[in-house]
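For 36-53, 74-95, 115-137, 144-165, 185-207, 228-247, 259-279, 291-309, 343-364, 376-401, the entry in TrEMBL reads transmembrane segment. Per TrEMBL, the feature coiled coil maps to 475-502. Annotated domain 'PAS' per TrEMBL: 490-560, in sequence order. Sequence annotations record features per position, and here TrEMBL assigns domain 'GGDEF' to 640-774. Under the heading domain 'EAL', TrEMBL lists 783-1033.
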Amino acid sequence: MATTFLGAVLLLASPGVVLSAEGPGRPDQRLDVAWVLISAALVMMMQVGFMLLEAGMVRSRNSINVAQKNVLDFVFAIVSFAAIGFMFAFGSSWVLPLGLDGRFFFLSDLDGWQATFFVFQVMFCGTAATIVSGAVAERMALTAYVIGTIVLSALIYPFFVHWAWGNALGGNDGVFLGNLGFVDFAGSTVVHATGGWISLAACLIIGPRVGRFDENGRPVRIAGHNPILSMAGGMLLFVGWIGFNGGSTLAVTPDVGRIILNTVLAGAVGTCTGYLIGYWRDGVVLPEKSLCGMLGGLVAVTAGCHVLGGAGAAAIGFVGSAAAVYGNHLLETRFRIDDAVGAVGVHAFAGVVGTLGLAVLAPAELLPAGGTFAQLQVQALGVAVNFVWCFGLGCAFFYLLNRVMKIRVSREAEDIGLNVVEHASRMGVGHVEEAITGLLNGTVGLSQRLPVVAGDEAEKLTGLFNRLMDSIEAEECHKHRLEEMTREIEETERVTALANATFEAILIHRDGWILDCNEQLVKLMGLPVDQIIGSRMSDYLSDESWETVFSAIREDRQGGYEIEIRLPGGRRVAVEARGRDIVYRGEKARVGCLVDLTERKEAERRIRHLAQHDPLTGLPNRGLFNEYLARTADIADSRRSVALILVDLDRFKDINDIHGHPAGDVVIRETARRLSDLIGRQDVAARLGGDEFAVILNNVVFESQLEDFCRRIVAAFGEPFDIGFGQKVSGSVSVGGALCPIHAAEGEDLFACADVALYQAKNSGRNTWFVFRPGMNAEIERRRELEVELKLAIERGEFELHLQPRVDTVAGEVTSYEALLRWPHPERGFIGPAEFIQVAEASGNIVEIGAWVIREACRLLAEELPDHHISINVSPVQFRHPGFIEMLGENVRRSGVRPEQIELEITESVLIDDDRRAQQILKGLKRMGFGIALDDFGTGYSSLSYLSRYPFDTIKLDRRFVANLGVVDSAEVIVRTIIDLGRGLGMKVVAEGVETIDEAVFLVASGCSEIQGFLFGEPQPVGRVQRWCDPLLMADLRGRIVAADADRIALGNLSARGQSESAVLASASWA
């Protein structure tokens, strides 16, 4: 209970909870600590994301400065928050507006859990601080920025944190927003809007960048130098946000998954919204618009990710994204505010929208203020206080700081770039590009050289340029030498041209030394050409391959042979080699031709793999599995058995029929994954075909190991399958297992034993498992024989439809019948439904049998009982069959009966398997006019929920409740409650299994709509069925009702006894 309560406080109050002063000792507490620290690491990774995003969104001449500010604001925020900020934020305040607690001053006395809490919170402080760096990029002096970071981290941020989250480490009267019920789960306002409003204040004080607005005041887009860097930063922020929001639970609870889901969903919707708005407004997709939308969605959902549903999170992501994009547009076009990375719109505007929006979109019962409007008022107060405090104090601080020192760099420094001005560093290769341009334009002579600065990123390129100039100058000085070499070069080029014209790798060698090669050999070897030429062939060959090549040279072998060459890094590549002697540059040499066999070898490997593995799942197929089984069966002995487990997906055909084959493929792949996750390295899982899988377990010592594994397989498939598009389908498996050599010594015999056990599982209701037992064959053979005889019974028309009357308690007459299937076997006599219905469902014959029942019921209504109604039991298998509704409609049309004369009885098992499809089918049947009854009501675990979700006309009270009347004390209360519930919902209530007059008297007096049982007639063929009630029985029943208690039936005592008027009318009618 304590854990549950603490979780509720976590989710509704703040990212902090009232923490124990003792460090966590229990395993769950240690897990909570680990989760918080992992989340803190993810949030810390967001600092890298902010650095990459902001550095990429500014010009390259300022990117080093932006990155430096990101690093410094993070570390100065840590030191400032550790010194006094943490104390101000979470220390005991009594009635003060800030915390003052000596234990937290410079973290002097923290226990382990409080230290963990500090690590997580200091990351939030660092996030708030780093927001400002992007907004003021390219113009604020580094020193001024660091001072601003210290003030934000030590004073502005901690004070507001105390007002909103100060109860995290103990109750405080100074936490006026938190005590009012202000909800900001992970800091849309506390963290992001705080940084956003301070950014706005800084931008107002320092002004826009040079060239940001033209002479008419129109904004000029200054594109960042590296959108890819910005996108990478954005993705890191997306990932880090999982820790930002998920870690704010401060505990590993089931809500973590929902929080992360809402975070990811809002971020994705925000990104899509930013993309669409940008494309609609600009006609092109500017990278910053998508990033702005993504971050706006993430910021907005941060306030209420713990209480929002999926639709609410998507809506918040949409609104937050729009607020961020349009907010930034408004700032630059209307107010001429230059925010270099759009931090104000993303963090301030989206943060406010998210904080207010949760009051509207979250369920009212989850809001601490007690209602949507009341919560909205509290949220609005928190947002207003945050704006006044952060923006007001931010403006005052930067104004005063600007009076003391220049917080903006000079125009000249801005033109040069802060990389050089503040860091004496250069980024990029622009000076090299200018030198090359001058060389091409003829404005630079051959004596031009660039200074090489050690450690500069262009150091290597500058050196290469100087070497190029050296080479050009040297070539000009020695042209006559080139003329002398022309003939030799022309000859070489002819050979090289011919070699490069082929698709094969060519090399020319003499005495084992490589003289020349073509481009294909360079690609094959992965080495520069100058490294290959002049090296020994043996350097790239194993001893065995070199011996093969040497032998081929000695024998002047021209046919192909296979060798292996060694590539850099140690990788070996198989090639086919050929060679012959040639004359090269006037001397004898040998040309070699190499054909890369990698693709051929890979194709052969893939062909073998495809021949032995299932292409959909990648598991071994039946052929390869049989080889494994034969080998493992041969080595099994009495000490180490081998287990074979066969697994069948239950009702897989229904998934294909209802959801389509792509959904079926998803289920098959997920089945393979779940089985693979269960087995060990020495075990084998395979797909035998269709929905059939198999597993071989090695080194099984005890039979209980096999039983445990089978049990784990069934449990693993308790989770539904996610088939995409927000749909999930329930799944289950039937499992059969056998041991070698205990049950069989040969692979084929072992497979047969496991198959017998599987059959037993499938015929025991599915979703279960069996291990082979001696004698199991006999039972299965009996069921198989019954299955064959069922088919013959359908062909021969051996089934009969018996009818049992249902008596209307108001009219006292037989008004309807329940159709009950009977099978008079020509040799074995009557076979009860309990014996053959389950077999019919397992074999699929129930669909054809059910169709016959409906045809026969329609015939009886048309020919024998035109003024009555018949209720028909519908099997779950038949209900799920794709042509069920069409078959019903066709039979009604052919027979001429009205759909209103037919009532279809279903059990809740029909509804459990596929809730959405069940609703569609039932609504379709209702539109056609059929009545719907919920059979065996009260026996399922969720029957009550079905009454409000499905269009039932009738509920049938299970016979077990009727049989308990007069036997179990609570039976009368339960029965009367169910009857009152049904009548209150406007449904008929039919009681089954009424066998005594006392039961009938109680049911009539309680207001039951209809009663059915042996008291009024046994199920009979239509020729012998009762058309009316026995007069003597009715007279006796009337007398008992009158004698029971006339006062209880009288209308004057209705309120005291809780009877309805209809119940009294029914009793009066019988009397």
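For all residues, glycine too, the Cβ spot is worked out from N, Cα and C.
What you see is a predicted model, and the numbers here were worked out from it, not measured in a lab.
When each of 36-53, 74-95, 259-279, 291-309, 343-364 is checked for Cβ pairs under 8 Å to the transmembrane segment (228-247), 36-53 comes out on top. For the transmembrane segment (291-309), same-chain residues at least 6 beyond its ends with a Cβ under 8 Å from one of its own Cβ atoms are 10-12, 53, 183-189, 191-192, 230-231, 234, 237-238, 241, 244-245, 248-249, 255, 258-259, 262-263, 265-275, 277-278, 316-325, 328, 342, 345-347, 349-351, 353-355, 357-358, 361-363, 366-367. Residues 11, 14-15, 124, 127-132, 134-136, 139-140, 148, 152, 156-157, 160-161, 164-165, 244-245, 248, 259, 299-307, 331, 337-339, 343-352, 354-355, 382-383, 386-387, 390-391, 394-395, 397-399, 402, 407-408 of the same chain sit 6 or more residues outside the transmembrane segment (185-207) yet have a Cβ under 8 Å from a Cβ within it. Counting residues per DSSP class in helix, strand and coil order gives 56 helix, 42 strand, 37 coil for the domain 'GGDEF' (640-774). The list of residues near the transmembrane segment (36-53) in space but at least 6 beyond its ends in sequence, with Cβ under 8 angstroms from a Cβ of it, reads 66-67, 70-71, 74, 116-117, 119-120, 123-124, 126-127, 130-131, 133-134, 229-230, 232-237, 239-244, 246-248, 250, 291, 341. Residues 185, 238, 241-242, 244-246, 248-249, 285-286, 289-298, 300-302, 305-306, 308, 310, 312-314, 316-318, 320-322, 324-326 of the same chain lie 6+ residues outside the transmembrane segment (259-279) yet bring a C-beta within less than 8 angstroms of a C-beta in it.
Long-range neighbours of the transmembrane segment (74-95) within the same chain, counting only residues 6 or more positions beyond its ends whose Cβ lies under 8 Å from a Cβ of the stretch, are 16, 47, 101, 103-107, 117-118, 121-122, 125-126, 128-130, 146, 149-150, 152-155, 157-159, 161-162, 165-166, 168-170, 172-175. Distant neighbours of the transmembrane segment (343-364): 131-132, 134-135, 183-184, 188-189, 192-193, 195-197, 199-200, 203, 292, 295-297, 299-304, 307-309, 312, 315-316, 319-321, 323-329, 331, 337, 370-372, 375-376, 378-380, 382-383, 387; these residues of the same chain sit at least 6 beyond its ends, with a Cβ under 8 Å from one of its Cβ atoms. Counting residues per DSSP class in helix, strand and coil order gives 38 helix, 13 strand, 20 coil for the domain 'PAS' (490-560).
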